[in-house]
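Copied over from TrEMBL, here are the features:
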- 18-38: transmembrane segment (TRANSMEM)
- 24-423: domain 'Amino acid transporter transmembrane' (DOMAIN)
- 58-82: transmembrane segment (TRANSMEM)
- 178-198: transmembrane segment (TRANSMEM)
- 218-239: transmembrane segment (TRANSMEM)
- 251-274: transmembrane segment (TRANSMEM)
- 294-317: transmembrane segment (TRANSMEM)
- 344-365: transmembrane segment (TRANSMEM)
- 371-397: transmembrane segment (TRANSMEM)
- 409-432: transmembrane segment (TRANSMEM)
Amino acid sequence: MEGQTPGSRDLPEKSHPAAAAATLSSMGAVFILMKSALGAGLLNFPWAFSKAGGVVPAFLVELVSLVFLVSGLVILGYAAAVSGQATYQGVVRGLCGPAIGKLCEACFLVNLLMISVAFLRVIGDQLEKLCDSLLSGTPPAPQPWYTDQRFTLPLLSALVILPLSAPREIAFQKYTSILGTLAACYLALVITVQYYLWPQGLVRESRPSLSPASWTSVFSVFPTICFGFQCHEAAVSIYCSMHKRSLPHWALVSVLSLLACCLIYSLTGVYGFLTFGTEVSADILMSYPGNDMVIIVARVLFAVSIVTVYPIVLFLGRSVMQDFWRRSCLRGWGPRALADPSGLWVRMPLTVLWVTVTLAMVLFMPDLSEIVSIIGGISSFFIFIFPGLCLICAMGIEPIGPRVKCCLEVWGVVSVLVGTFIFGQSTVAAVWEMF
């Protein structure tokens, strides 16, 4: 960048608190970013293509989204290097001030909590549909007690999710992220192959519409398509855990991750839409016969995929609580012996608390879909608004040429405005649908 000194191009001036834990390779960073983005939104993409009016308008929205999504990731890496902070909320607090930092922490915690609840709900639904498929050949009878979500979800949380969420560093998630990414790839592959094989019992629309009903319908799916790629909450933690923390290298990791996600999402969206047209279900797997063994395996692997991304979300939410714990101990509000929030005696209770709260919300508050959809608009803060604000504030710190500085500030303002529009649009749409 113009005006930078030779030593500033890799931005090594600030030492990160997590520098000692820089154990993450570039390939591991790619897989964690991909797994963070390949969440429950994968099932909704064919429906989003249908609502947008066809492949071409939906694909154009996807390409426009990618520009902002990649720039947001690069900005967050740059902001982490400038601020010297190792968490998303720490970067925002360090660059934008304590007031916006507190707003970021509150939005961050609520957003991640709702994402965790949504993930557990998706896992529970997939387990329930899996049990229905496996028991469909038996005579009609009450469902066995062991197929109830009130049994399967707590058991899965205790035996699988909790141990995967216990590690101190996010770098551990690279192993499960590889498994989760392959599981998501299987789903995309199944939908693609099913389109060409057209197995017996599959009913599809022969000539789906390929033009949008209106531009309003195109804009209405922008949040769905954009949030499908959402991995920005984890960007700072991943960047600060990498061996090589140069901005060009981080940009390459970001581009490769989102391009791979774009391929998986596009295959799922295009072939799911071409198979079922406007009759596609919001959950693409529900459009296929429930007794098809290929679909049953896809359902199992998709549940595995969501199980592997839940610990990443928990890690990020736990970091907010750990920051609060650290500040409380520094003010003398907590025991000095437990001042380190990453220690086992603080980390594990916070992990158990997070899993318990989200599990209780899923089991005892069944009608959370409207609340989740309304709060889902908060995601635009982490993809657009906070990165834009960080870029604008960072311009006052880094020595950059005036023309480049002006261009970057304009881009930061554009990001904030686009994020504000998406937040307003998605929130109003969610409230309208609820009423």
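Heads up, residue numbers simply count up from 1 along the chain you see.
Glycine too: its Cβ is placed from the backbone N, Cα and C atoms.
Of the recorded ranges 18-38, 218-239, 251-274, the transmembrane segment (58-82) has the largest number of C-beta contacts under 8 angstroms with 218-239.
Here the transmembrane segment (178-198) sits against the transmembrane segment (251-274); at least 3 CB pairs are under 8 Å, leaving out pairs fewer than 6 apart in sequence. Recorded stretches compared: 294-317, 344-365, 409-432; the one with the most Cβ pairs under 8 Å to the transmembrane segment (18-38) is 294-317. Between the transmembrane segment (294-317) and the stretches 218-239, 251-274, 344-365, 409-432, the greatest number of Cβ pairs separated by less than 8 Å involves 218-239.
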